[in-house]
Structures are given as structure tokens and as C-alpha cells.
Amino acid sequence: MSMEISSRAEIDEDTDTDKGSMWVLDQKLDQPMDEEAGRLRNMYREKKFSSLLLLRLAFQSLGVVYGDLGTSPLYVFYNTFPHGIKHTEDVIGALSLIIYSLTLIPLLKYVFVVCRANDNGQGGTFALYSLLCRHAKVNSIPNQHRTDEELTTYSRSTFHERSFAAKTKHWLEKYASRKNALLILVLVGTCMVVGDGILTPAISVLSASGGIKVDHPHMSSDVVIVVAVIILVGLFSVQHYGTDRVGWLFAPIVLLWFLLIGGIGIFNILKYDRSVLKAFSPVYIYWYLRRGGKDGFTSLGGIMLSITGTEALFADLAHFPVSAVQIAFTVVVFPCLLLAYSGQAAYLMQNHDHVSDVFYRSIPDSIYWPVFIVATAAAVVASQASISATFSIIKQALAHGCFPRVKVLHTSKKFLGQIYVPDINWILMILCICVTAGFKNQSQIGNAYGTAVVIVMLVTTLLMVLIMILVWRCHWILVVIFTFLSLVVECTYFSAVLFKVDQGGWVPLVIAGVFLLIMYVWHYGTLKRYEFEMSSKVSMAWIVGLGPSLGLVRVPGIGLVYTELASGVPHIFSHFITNLPAIHSVVVFVCVKYLPVYTVPEDERFLVKRIGPKNFHMFRCVVRYGYKDLHKKDEEFEKKLFDNLFLFVRLESMMEGCSDSDEYSLYGQQTERSREALLNKSNGNITSSVTDLTVSSIDSIVPEKSPLNGNLTILSSGHASSHTEVDEIEFLNSCRDAGVVHIMGNTVIRARRDSRFYKKIAVDYMYAFLRKICRENSVIFHVPHESLLNVGQIFYV
């Protein structure tokens, strides 16, 4: 829990240089407890897992992380040879491409390199972006405060001025256009992941349902589509229950699936043709591409489907340590996939005509229907993982101000990462059904799927280059090697899928284009609103000049003024008091903001500060969240806000009773008696023991030279300040009992008359429409309707 204390009235916050006028109060434990707190804060990074626990986590990761990648054998060979197999050797060449694709991309690049670039266990495009925002000033909404870097979850390192990392950082920060280009790159990757959330259920469920027609060849294809649509509707309809309630089934299903496809692969290799093992020689790739010409090159779009789900592997990393994910892939997933594809290739060596449904054709008759049931269940699991990843990445985009405010619900009390977004869920369902019923075959859906996946991989590679330079400080030779190997493979696949844009590949491009337009327009409007608040904020000199009554009638009650500013007085406050003749006895400016961290600990979430002299009764409370954190629907937010406010008043009074120096530090070992006295004094509102109080000026965060001797019992030595504290606490309590009013700004953005037509369309129509249909801030903060007061403004951009 961090709090700022102002030693005198703030005169001007416009430039954020009032360092000499503030002290920082940092609540810590005594030295042994401080070491324990530090150990717990870094527990995730330093946690050592026992072998048995690691194996259990690796088993559980199968159901969450590898469902999508594991269902690829259902449709890879069909999409590789949509027009049939012309040469027997082509099967071995295609298998060789699959083997080395699985080795280079999922195994070497993602499992052993990209997964290490997680943000305290969080994966995905925005997790990489958050890492970059902490190591370089590339955040497009500059709402960070200097105290944000003191968070335990905020890790930031310094660069040597002449280092390659420092030069790269300077190059990124120099022009706003480069920051915008980085943001657009991240948004493109995010939109393609949303496309995956639509295409993964479509192709997985449709491929699994196709097994019905294999056993009943005269059945109409429409029946298969109807079955697939029914499964999809059921899948999306149960999303609100969350994966936690049925998650215990996922890992056994996926493990059984991998064992089945691996076992069937061994059976087919032994039964049909062992010569397919020659595919482990990369020379067959050269012969395959040389013999196939343009057709062989474009078939790479089908080969690439063997690595689809790899991007979901990184996005779904949140609940498992990297070592567990690595063990699951190397021990189970990788060998079983190699056996499955080798077995299908062995079957195709003697049955060229069965390429369209090779998976089901290669299953022994005695276990056909059990495998069909497991395949359908595995397809559902793969779809579930993709949908959950979409929810998570939409939540991250929302936290970064890049997506309209939508309803986000927790579905698990144990896992904060498991969420449900109703609006997105139904949009995904409608689009998924349209894709399934519109294309009616796996080939065109596969082309679309491949396009989305390869673009996500390219975006990840480009972001990883910056991560390796700015975060990992890798030598430039290693960066060049990683970039070269990744881009050679991925650009080759990308150029291959471009030939199939007109055969279904346009679908993810259209979907991503629509979502990218929505995200960018919303972010543009959010940024302009923030710039308006920054440029029109009121000077504290004007507030102080009004006097304690602010030139108005101070009525009983507390007014919570919501603002996006972490410093300064918002324009809506001056707009409010110039139009109404009264204001509440206590005014608290509340700033709720998201930081580029995965989470903000509860004891560090609130930042409280006094504005102006004490008799003004004005405060600021900055509430900080990470992109993983979620506003919960309860009354705890307001209660915690007031608890921190009252605690601030008590501690501020204690500091005044200790010394009259502007710059001092207080140290000392506190006895158990004084610790209990402080806890009793705070009426149980302190959730963690406050044992070592350090007060210093912002100019020097390092402790001052001459610490005072003694313990915290001397804090109560100021008799007058104790009376002041009691009086103010009683006053705050009486105002709270009189009523709390939430004052929110309703800023309407309009394009200027001389603006270009596309800007008018984006601002006056698109952004206005998005604001109309998205959730209001009052709903997100769960403000009672009878306590809400909106202040309207118009801003022209």
C-alpha cells in the first residue's frame, strides 16, 4: 500500500514538478518481515517445483495449452493435397516438411524461446507489449506516474548510454509515428488471434464431425454441417459456466487423444509402409518443392496447418510454469504428433484416393467409433482453449484502452485468468457458424486459418526482436540468428498462403480489418479524451485562491470526482463548480488506471494524497490495476477507498507529530506492543502490519543521512496532532454518513468542421456509435444510479 503525503498545499501540478512539496510514505515491515515479503513477491520467478508437482502441472497443461495443436492431424494432409496426390514421393516430401516445421516453430522457437518472454507467467501479444512499455516509453497513453515504477510487479532496468539496447530505445521513443506503428503491429496480432477464435472451432469441429460421413458415405454433407453447427452452438452456450467446472476433463481427454493418434500412427507405419521414416532427411523437402513447382509451393499453406495452435500455446501460458509446458511438449505432444503424421503418410503411400479423409480412413475398424468420440471431444477442447484465449486478449486490449468497454465476468474463484465476455462470445458464435455453413468444407476454412496463424507468428517474431534487445539484452548476433531463422520459415509460409487469399484466405483479413478499425478508432478517441483532460486541467493556484469554501456552499457529504488524470484538477471539476453553487464538504479525485503490468497487488493498489491545505478537505486517490486484474461486482471498492483515505489521515498526523523537518527519515525496530497499538489505533483497517515507516522527499528516494532513534511509539508524541487526527476522522465519518455522490465526466468528442471526411466519419459516427453501445463507466464501477451525477462536455478534435 503506497501513499503520498503533501507537506504543504500543492500550488501547481501542471508540470508535475512539485517534487519538493511532497513526501512519500512507504509502508514496510520490519527487516525480517521485509525480506519475507520480498521473497513472496518474487515467488513466481523463484518457485521451485518438485518433480511430482511438475509432472502434474505438465499433465494439466495438455488440456489447456495443446488442444488446438493436437487436433491438427484431422485436416493437414487434406489441405496439403486438395486436388489429390500425383506422386508417391510427394507424401514423403510433405511429411518431411511437417516434421521440420514442428521442430523449428513449436519446439525450438515457441517452447524454448518465446515462452521465456512471458510477463510473470502471462503470455500473448499484449504481454509482450507490456514488457516493452516498461522498458521503453512507447505507451501511447502517457498516464504513468513516477510511483508506478515502485510496484513489486513493475520490473524495469537501466541501459548503458552507448549500448545497442539504449540506441534502440532512443530510436523507438524519438517519434510518435514509431510508437503508433508498434501499437498497430500489436493490434494486428491481436485481431488475428480473434480470427483464430472464430476459425479454430469451425475447422476442428467440422473436421471431427466429418467422421460420420466416412462410415456412412451416402450421407449428405449438409448433415455433417448441421451436426457441426449444433456442437458449436452448444459449445458457445456453455461458456458462461467457465472452463474451471469442466476443466478437469480436458487433460485426460487430450492425453487420451495423443496416445490414440500416436498408437494408431505406430500401427499404420508397421502395417503399410515403413519407408516413410526416410522423411526425417531434409533432402526430401528439396525434391518435393523442385518436383511440385508452383503447386508444391502453394501446398505449404496446408503444411502450415500442422503448427496451428502454436500461437495459442503462448497465449494460454498463464496458469502453468514454462518448465511444465516444455515437459508436456517434449515428452507427449511432439513424439505423438510425429507418429500420427508418419502413420497417415504410411497409409497414404498405398491409398492415394483417401487423402480427403485420411485420418478416419487410417483408423482400425475395431476402434473407429471410440476414436470418433474422442476426436470430437478433443475438437471441443481445442475450440475451448481458442475461445478462452480470445477472451483473455480482449480483456488485455480493453485494459490498454484499445477496445470498447464490454462486460467481463469471472468464471473461477481459483484462477483469475479464466473470464467470460458475453458480447464477444455471441459475436464469435455467429461468425463461427457463418464460416462453417458458408464454406461447407475444410479446404477453404484451412486456407483462412493458415493466413491468420502465420500473421500472428510474424507479429510475435517482430516483437520478440525488441524483447531480446531491450529486455534480455542479447548480443546482436543472437538477435540476427533468431530473426533470420524465424523470418525465413514464416515468410516462406506467408508467401504461400498469399496464393490462397481468393480461396478463403480473405476471411481472417476481413475479420481482422474490422476489429482493427474498431480498436484503432476507440484508442484514438480514448487518447484524444486523455489529451483534452491533460490540456484543460485546472491549476492548483486557482483552487487555492478560492479559499477553503472554494467560493461555494460546502454541503455535507463526500463527492468522488472520477478523472483519468493522476495529477492536477480535472476540467470537469471547474465545469461543475462554475455551474452549480455548492460542492460537498469532502472532495476526492479518483483516478482508475491500468498499468503495463500483469497485476497490481492489493496492498499497493491505492495511492492517496492530500490536495491543498487541510481545511480544504480535498484528496486524490489513484487506483491502479494490471491488465489481468478485474473490477469485481461488490461494494468493497468504495469501502477500501475510504479505508485507505482514513489510514492516510492517521499516518499523516503521526508524521506531523514526529518532526517539523521538511526532509527526514524515520527508522527503528518496533516492539510488539507498539505494533499492536498502531493496529488498534487504525481500527483494524490495516491489512498488513506497518512496522517501518520511511519518509523522504521525492528528490531523494534514498533514505536520508540521519535516521531518528527510537520506535514508532514516538509517533503519538504530538498531542495536538492527535486531536487534529481525531477531529478529521470524525469529520470524514460524518460526511460519509451524510452521503456519497459519484461525479463522472461525460466528454463528447466531435470532429472540427474543417476536418477531413475520414476523420469526421471515424470520430462523429464510428467512435460515437461505439461509445453509445459500450458499457458506461458507472456500470463498470458499479455506481448506484441514485448516487450518480454526470457532467457533460464537448471537445473538438
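Heads up, the Cβ atoms here are built off N, Cα and C, so glycines get one too.
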*May I ask you to indicate which of 276-295, 296-315, 636-655, 776-795 is given in TrEMBL as transmembrane segment?*
296-315
*Report, as numbers and ranges, every residue of the chain located at least six residues beyond the transmembrane segment (296-315) whose Cβ falls under 8 Å of a Cβ in that stretch; write 'none' if there are none.*
65-73, 75-82, 90, 93-94, 97-98, 101-102, 105-106, 110-111, 114-115, 118, 123-125, 193, 196, 200, 288-290, 325, 337, 341, 382, 385-386, 389, 392-393, 446-447, 449-450, 453-454, 456-457, 460, 492-493, 496-497, 499-500, 505
*Residues sitting near the transmembrane segment (223-241): Cβ under 8 Å, six or more positions beyond its termini, same chain?*
201-202, 205-206, 209-210, 212-213, 376, 380, 383-384, 387, 409, 411, 420, 422, 425-426, 428-429, 432-433, 436-437, 440
_Take the C-beta pairs under 8 A between the transmembrane segment (49-71) and each of 91-112, 248-270, 367-394, 415-439, 505-527. Which stretch has the highest count?_
248-270
*Among the recorded stretches 91-112, 181-203, 327-347, 415-439, 505-527, which has the greatest number of Cβ pairs closer than 8 Å to the transmembrane segment (367-394)?*
181-203
*Stretch of maximal Cβ-Cβ contact with the transmembrane segment (181-203) [cut-off: under 8 Å; candidates 248-270, 327-347, 415-439, 505-527]*: 505-527
*Return the stretch with the most CB pairs under 8 A relative to the transmembrane segment (327-347), choosing among 91-112, 415-439, 451-471.*
91-112
*Can you name the far-off residues of the same chain, 6+ from the ends of the transmembrane segment (451-471), with a Cβ under 8 Å from a Cβ of it?*
105, 113-114, 117, 125, 128-129, 131-132, 135-136, 164-165, 168-169, 172, 182, 185-186, 188-189, 192-193, 195-196, 199, 304-305, 307-308, 310-311, 314, 478-479, 482-483, 486-487, 490-491, 493-494, 497, 500-501, 505, 507-509, 512
